[in-house]
């Protein structure tokens, strides 16, 4: 016997969260809970404004239609990425296809303060990895901050994310202020320039390795080994089903590229599932999941060690 519930939710964000030049005041999304006999599976559907093609209202419509079809015996996944991902997670939990083991190590997001980062990294076992958003301020400032961090913490490796913010000139301005002796400790810089060709040129000219992120979701993208390209950053909410995520990870690994499972600012429920996916598909790589503290609450499932209050399922708006 099958049954299902769909919940709508909204979490207040911290005041300083800006995505693509727009302030994100709340994180809006949906949960689906599927039951079959004694088994249960949950999934999160939370399109990311400015990044997802679909709105959460559109996702809600597709999700409700899919749930009704599933209750009638149809299991074909929807095409909409955020819905396909959430639904496939719920189905995977339902059938025990998503392992319970999780990688809760997260590359901490750094605001540029080395003292703050040293404290965050003190308890981190193994490789010291942190992430810095660049491209929000002047490229020269970004270069100076990155150089300062690498100089202050000799065993640090940084992941940088520019979200295609730079022109070739700005990329050169950034690199000018990063000591060439430190550049090998930049694990990768995600999508530095507005076009892939400009990003490739940046890697060749600076010796700083790059990673593809947005490019993975463009129709003309293919997985190929290229000079200067070290990694791909996979955001499952923006990608689609678990099977598609696994295919991308396997394609990257086949070329010797690092694959990083990364957050699209999901709630704690979605983040704990991403931690399980990372442990399953990319066990040797620290995932990019340090986004929970951008929110003012957790929901349904707790992230280990978080002190944020938890909203239980009974407090959510039930749609089905």
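Glycine residues also receive a Cβ, built from the backbone N, Cα and C atoms like all the rest.
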161, 190 bind Mg(2+) per Swiss-Prot; candidate in 142, 181, 213, 220 listed for that same site: 213
Per-residue Cβ crowding (10 Å cut-off), top of active-site residues 133, 235: 235
All-chain count of other Cβ atoms within 10 Å of residue 213 (Mg(2+) binding site): 24
Which listed residue (161, 190) has most other Cβ within 10 Å, given these are binding-site residues: 190
Spatial separation of residue 133 (active site, proton donor) from residue 161 (Mg(2+) binding site) - C-alpha basis, Å: 5
Alpha-carbon spacing, residue 190 (Mg(2+) binding site) to residue 133 (active site, proton donor), which is rounded to whole Å: 10
Any further residue of that chain within 8 Å (Cβ to the Cβ centroid of 161, 190, 213) of the recorded Mg(2+) site: 159, 160, 162, 163, 189, 191, 211, 214, 233
